[in-house]
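Everything on this sheet refers to the single structure shown next.
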């Protein structure tokens, strides 16, 4: 199979939405019957985002094969059916690490290691490898043209443009076309300068995606075409919309996919966007609203919980309700108590690391349990629910996790020292292990308890979900917790690790050690999120009757 490559760059400012634009184009091409994948090349020096602060970088998206990747890969999986893996995201840090490892082994036979050709060759090899087996590979270059960090990546794709030729490569550049209220018009000069910067390093864009808060007038598109040396039909206006799931149709209406298909000489059907039309219709026509309180520690940057946010919206689509997320700092719960938890239809406690705010999360779990309020715990959200139950129901007053209190008399949650991975291999860790890449990561099989809410949600006796954690339920306390009424509704493939817990006599109190948000999509949703939002809607209706 001959793979075609579309390289996506950004100019003027960051956060223009390159990832969404790339994913939307991929969705249209997939709707035409093409096999599409997307890669993200990140210019930062970290080997991966695994140890980066969520408040700086946003969430870490975990792939099926256990790679800790950029949150844009979450967008990719939500827009197309192709599953991402570790080949779909790499950083400057990883490239340099691999090149230096080869140099230490003597693979370069004593050569002087340089950015060109050694670093650029390594980048090109990864791009080609990531695209193998697909009709089209869309490659997003992180950062903004003009940043010094991005230069090795830009040089690499310039070389690929020459080596593969025009019939296998296309360069798409996103720019900002701002509207100046004082002048009453949009300004094209930033786009002209951005294209000039890109051309100065040898890349001539074939397509311009012009971002702005409004559609670009026809005369301004003609002006951009003239000054940037791009066909007028390849100047695409991408205005702000109230839903990112409208963007595939917006790009399709301007013929972007036709331009790509013609350029590459691909034979394929017309795009069928009926699934996306259904998503947009459901989003625009809810029959009600539920308010979900998300109790976390990274709430100052909602992107820290990007996949959770999207999964809740997807569940709303399936339940025909709009979901309003109320972000609640867990430290505020510690300071103000239950008053900040009033007026909610459900509580969700997402994953996280570190002691800050953990008691507020425990308090939120207690509030949900005692008030029959739907509760959904994810990763740490499961652990705090178990700690709360151990303290207040099972008679272990000072129960805790050894992550937060190594001296606790009841370490109901502790460091996992050994587990079996998805291929049956035994993984081992200890306290001194590096933080990066040492967690239980990736897709794992979970056996579900017959008759449990978990089994009902999944409509079966097993599921496969992605993990990212170091701590687990301490098996020493399983029997005591079960006797007190806690249900262990999900166990690992070897049945040695607790994957899910729930409460019997509660409308919906379910928690999982894994991250189900990573597999939720707008077209398919996710059974646990759907069950949670359905329970929240039912709780609201019961309250209204009262």
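Cβ atoms are placed via backbone N, Cα and C, with glycine included.
Per Swiss-Prot, the feature region 'Amidoligase domain' maps to 1-266.
Annotated UTP binding site per Swiss-Prot: 14, 187, 188, 189, 190, 191, 192, 223, in sequence order. Taking all protein chains in view, 11 other C-beta atoms sit within 10 angstroms of the C-beta of residue 189 (UTP binding site).
Non-local contacts of residue 140 (Mg(2+) binding site) by the CB criterion (under 8 A, 6+ apart in sequence, same chain) comprise 8, 18, 19, 22, 38, 39, 40, 41, 72. The feature Mg(2+) binding site is assigned by Swiss-Prot to 72, 140, with sequence analysis given as support.
Under the heading domain 'Glutamine amidotransferase type-1', Swiss-Prot lists 291-542.
When secondary structure is read from DSSP and collapsed to three states, residue 383 (L-glutamine binding site) falls in the helix class. Annotation for residue 383 (L-glutamine binding site): same-chain Cβ neighbours under 8 Å, separated by at least 6 residues, are 377, 401, 413, 471, 473, 513. The feature L-glutamine binding site is assigned by Swiss-Prot to 352, 380, 381, 382, 383, 403, 470, with sequence analysis given as support.
A 10 Å cutoff on Cβ-Cβ distances gives residue 379 (active site, nucleophile) a total of 23 other Cβ atoms nearby, all chains included. If you look up Swiss-Prot, you'll see 379 marked as active site, nucleophile.
There are 26 other Cβ atoms within 10 Å of the Cβ belonging to residue 72 (Mg(2+) binding site). Using a 10 angstroms CA-CA radius around residue 379 (active site, nucleophile), the binding-site residues that qualify from 189, 190, 192, 352 are 352. Counting other Cβ atoms within 10 Å of each Cβ, the binding-site residues 380, 382 show the lowest value at 380. Comparing the binding-site residues 190, 352, 381 by how many other C-beta atoms lie within 10 angstroms of each C-beta, the top residue is 381.
Within 8 A of the CB centroid of the L-glutamine site residues 352, 380, 381, 382, 383, 403, 470, the other residues of that chain are 351, 353, 379, 384, 401, 413, 469, 471. Close to residue 192 (UTP binding site) in the fold, though at least 6 residues off in sequence, lie 224, 227, 228, each with a CB less than 8 Å from its CB. Among the binding-site residues listed (14, 187, 190), 14 has its Cα nearest to the Cα of residue 352 (L-glutamine binding site). Under DSSP, residue 191 (UTP binding site) is assigned to a helix (H, G or I) in the three-state scheme.
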